[in-house]
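Worksheet: the structure to be examined is printed underneath.
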């Protein structure tokens with residue numbers, strides 16, 4: 001009888017042990033999505049800029065439908081997010097795609113949540129930048145700015161909601177990786193690193209807005225480049241070089257914008273100080289340095305030619 005009890009206890013312990021080992025070795029820190037953001041989208045297929053832009057629009061629409069923004073802030077946040085070029089999320093998604101052609105974590109990584117995060121952060125900064133206490137702009141993307149359409153209070157709260165939701169999206173991205181990519185190395189540590197880095201970058205962007213310098217532009221490209229690299233490789237190696245590439249690209253982007261705004265800017269403007277030709281030469285030089293780094297890390301793909309051309313087109317006013 002005693003032997004039967006021992007055997008029964010052992011059997012129960014074995015069942016418990018097997019059940020435990022079959023449980024997912026992760027815990028969620030965010031609520032799961034009620035809709036698939038990327039239904040019908042495959043992250044490893046090569047894409048041009050137009051295709052990527054349409055895919056991100058689908059992701060964005062699904063996220064809004066899933067309730068990323070609630071109550072009275074749904075309309076102003078959705079309004080602010082429509083009609084962008086989506087260059088930052090496209091850069092992030094393409095870096096992840098290019099990295100995965102060299103690395104595999106058991107399943108393709110869909111960086112939809114991270115792509116949303118970088119766009120949310122960027123758009124939040126635009127809302128603040130347009131406010132009466134900053135640039136006092138009433139038009140952006142050929143429509144009323146958020147504060148001009150919905151009022152200052154809702155604009156402020158919308159910028160806050162976008163920023164908070166951006167951090168939620170980063171956490172959701174880490175949860176998704178833990179669930180779908182079992183060979184991804186220590187996603188919790190990388191999630192903490194990303195949140196810390198993003199916080200630092202947003203602080204830099206905020207400081208740049210206060211004095212109207214390029215530091216309000218470059219940090220968002222750093223977020224896109226570095227999040228793409230870390231999510232695509234699963235490592236923090238070479239972050240310094242990727243950050244340098246992001247700085248070069250962001251610098252070129254800002255200089256191109258300064259050329260475009262040469263005749264209308266009332267604040268600090270590089271092209272006004274150094275002249276349009278010198279500024280254009282610096283744009284080309286910065287893009288060339290960015291290209292060299294991306295080539296060195298084997299993540300320069302054909303879509304970068306389109307992305308670089310868009311920067312050149314801004315400078316040319318075309």
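Glycine is treated like the rest: Cβ placed from N, Cα and C.
Positions annotated as transmembrane segment by Swiss-Prot: 1-21.
In the three-state DSSP reading, residue 88 (isopentenyl diphosphate binding site) counts as helix. The feature isopentenyl diphosphate binding site is assigned by Swiss-Prot to 85, 88, 122, 141.
In the three-state DSSP assignment, the secondary structure recorded for residue 129 (Mg(2+) 2 binding site) is helix. Under the heading Mg(2+) 2 binding site, Swiss-Prot lists 129, 135.
Sequence annotations record features per position, and here Swiss-Prot assigns Mg(2+) 1 binding site to 129, 135 based on similarity to another entry. Around residue 135 (Mg(2+) 2 binding site), the C-beta neighbours below 8 angstroms that are at least 6 residues distant in the chain are 129. DSSP classifies residue 135 (Mg(2+) 2 binding site) as coil under the three-state reduction.
Residues or ranges marked as dimethylallyl diphosphate binding site by Swiss-Prot: 140, 216, 217, 254. For residue 217 (dimethylallyl diphosphate binding site), other Cβ atoms within 10 Å of its Cβ number 19.
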Rounded to whole angstrom, what's the largest C-alpha distance between any two of 85, 88, 122, 141, listed as binding isopentenyl diphosphate?
16
Starting from the isopentenyl diphosphate site formed by 85, 88, 122, 141, give every other residue of that chain whose CB sits within 8 Å of the mean position of their CB atoms, in sequence order.
84, 86, 87, 119, 123, 126
From 140, 217, 254 (binding-site residues), the ones whose CA sits within 10 A of residue 122 (isopentenyl diphosphate binding site) are 217
For residue 140 (dimethylallyl diphosphate binding site), just give me the three-state DSSP call.
strand
Can you tell me the CA-to-CA distance separating residue 254 (dimethylallyl diphosphate binding site) and residue 88 (isopentenyl diphosphate binding site), as a whole number of Å?
14
Fewest Cβ neighbours within 10 Å, where candidates are the binding-site residues 85, 122
85
